[in-house]
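Colleague: If you scroll down you'll find the structure; I have some questions about it.
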């Protein structure tokens, strides 16, 4: 089979445009109503998407006065929608900084059992400023330390998921042997940040462990992704930076001895789709005009570590000198850099920049016909900028429905996307191997069995 | 309406008898198969039970070689079964010792939204010895400190659940006001064990917060329950200790200014049901004979803080002198005491004691006809030993089906149990008030609105 696109539906509020929640095309349901998420999951599955994904932040957003926030918690969402679906992958964000590895490893193993092998974990270190103080810290833990902790955390979680051999549960009713305790072992981890004895208290799950997803884009974030990630979500405002990122991730992964085919790079794309270019642009303008410049300024400020932009005239053309050096930004460094790069290249007014960022928070936002969206996706895919896309509809469900009804058929006619699932697990959809247990590799198992 | 029984289905392995997993009447499904739990929840709902409950332990059991263990994680189970049910209450165990209050408060709020107000939290401090080392501690944190932490933890969680007024979300699309930020507030908790800034990042849930369930039975555990619990699960081997416990809990709750009607005492009952006494005893013997004395000895040892009983002859009559003083036991003190009391009264052999404990781990186990089971339940209820029961079928689903088919009709004929749900939330079933937010009481809200 020729290589095809991988598509993930990224669910965010009532759509990725910050004003989507006000638009009549967005869901009438509350963000705490599970039916909203279940219906999206059912639609993603009907469209044979690889997966559906829920982002997260461990603090209430300062924007909540004017932007729809405060939805359900991702792990409970996945468990709740697993029963309404049977094929689509289910990806939840969870933090390595503010959770216990034993609890997280266990909930993801439980989700992987509940969903019959469809779960992915978007590994984040929680960059939002408000998170630290909700977990006993005076302020946010700084970037480098968060990644050191993340590395140890993932190593612990992997050991926990590997602490049961696949064949540890015997369930031998006749002889009264439930498990082979020689096939379940302690992990005895004593590290810099955490000590965890193990074993985990749940058996190894259908996929061995969740698929690892990551979205780090700083130098540290990229090397973390190159080591651990099986899918990478990434934000680019243009194809060139996406291509650079793509090459960098694949090169770094290969340098670590990994198969570069087993780490999928999925840039975000936020398509406002109209039957004509004019209609698409009109819909886009409608959304922009609902936006509040004060919210945009706060958000821009957060992107640049709290820098104050309120002194700038909204209608003056910007220059890179209006921004602090992105290398000094602690949070999402590469997004800050790409904003400065865009300003250098396009010289927008502050108002126009804020409209652009209101669209998809630094991801690639485009308004156009279904043909044009499909062309862009094909171009990025064939030119080595993407293995697929993190599809971020500006309005949910409206613009996801439009994507499925009008863009997908074009991609399918071009042979770029599946018409039906071939496999059952998220690993199947992503073309990934099932990982072996580091403690109970199959070869050793086979030898053991042969010797019996 | 006259007062009626409250009934909770307690799910444990493939039934509460330790050998149930081997019995043909227990489920053929794996303990990691969500269908098993979903079917039990559907049956509990069809029977109009108040709730279904999942216990938990944060370490794999040493017994796993011979006893079915290692099932799904309770919070993910509740989320997964919520969509398959619409009335039955859903209660999960979660630990105050080894989780973060922000994460726990949020997941329970999310569950309460997902289930439309049907969630309860069984508050535990995690007594199993293996838990501490899975969370960075060299050993288990001792009993008194666990309860001090639990008290602060619940106070924090209550503040987080109260940090949004019920009317904080405006969702005013026309005017672009999503939330009234004056109706969402920080909690600013700085305590001995935890500091949590808040607010929570999810809106106040249908029940305000989950129903609080507790099962502590030491002196500390009882005073904790009297302060916080709205339902108490408790283990008694005879009616008299249940009656003492009942009176003690109600008296302590009233002394704290609480309405004693708003704290339900639900002793465990593990009924082996047969159409004749002889048939019930035969089924009970079948289960006992599948049990392994070594497993029973290990379990007894765990109940007495690791005391070694292996030197005792299985067929010698026991005396209280064979046991250490229960007051020296760190874990579940009152269960240890009730075992010694039973030995003093009945002078069983060690083998007979182990068979008894294999049945329901210190809860009241009885074999008899449906009439006899109903008589016992009515007697405990009318004599002030119970507001209802934690129903612990020895074999699942077999003996739950029998309970529903044969015992419930008798209880209903006697007017002791509902034939259909009258309310929609777990608070409705339990007859509990919805708690007001401590920060945004309705009276203040009404004044504020009137002044506008």
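From the backbone N, Cα and C atoms, a Cβ is placed for every residue, glycine too.
These came from TrEMBL, pasted as-is:
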- A:24-384: domain 'Luciferase-like' (DOMAIN)
- A:56, A:93, A:143, A:147, A:217, A:218: FMN binding site (BINDING)
Colleague: Tell me, by DSSP, whether residue A:143 (FMN binding site) is helix, strand or coil?
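Modeller: Reduced to three states, the DSSP call for residue A:143 (FMN binding site) is helix.
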Colleague: Please give the greatest C-alpha separation between any two of the FMN-binding residues A:56, A:93, A:143, A:147, A:217, A:218, in angstrom, as a whole number.
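Modeller: Greatest Cα-Cα span of the listed binding residues: 19 Å.
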Colleague: Find the average pLDDT over the domain 'Luciferase-like' (A:24-384) in the predicted model and report it.
Modeller: 94
Colleague: Out of A:93, A:217, which of these binding-site residues shows the lowest number of other CB atoms within 10 Å of its CB?
Modeller: A:93
Colleague: Including all protein chains displayed, how many Cβ atoms other than that of residue A:147 (FMN binding site) lie within 10 Å of its Cβ?
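Modeller: Result for residue A:147 (FMN binding site): 19 other Cβ atoms within 10 Å.
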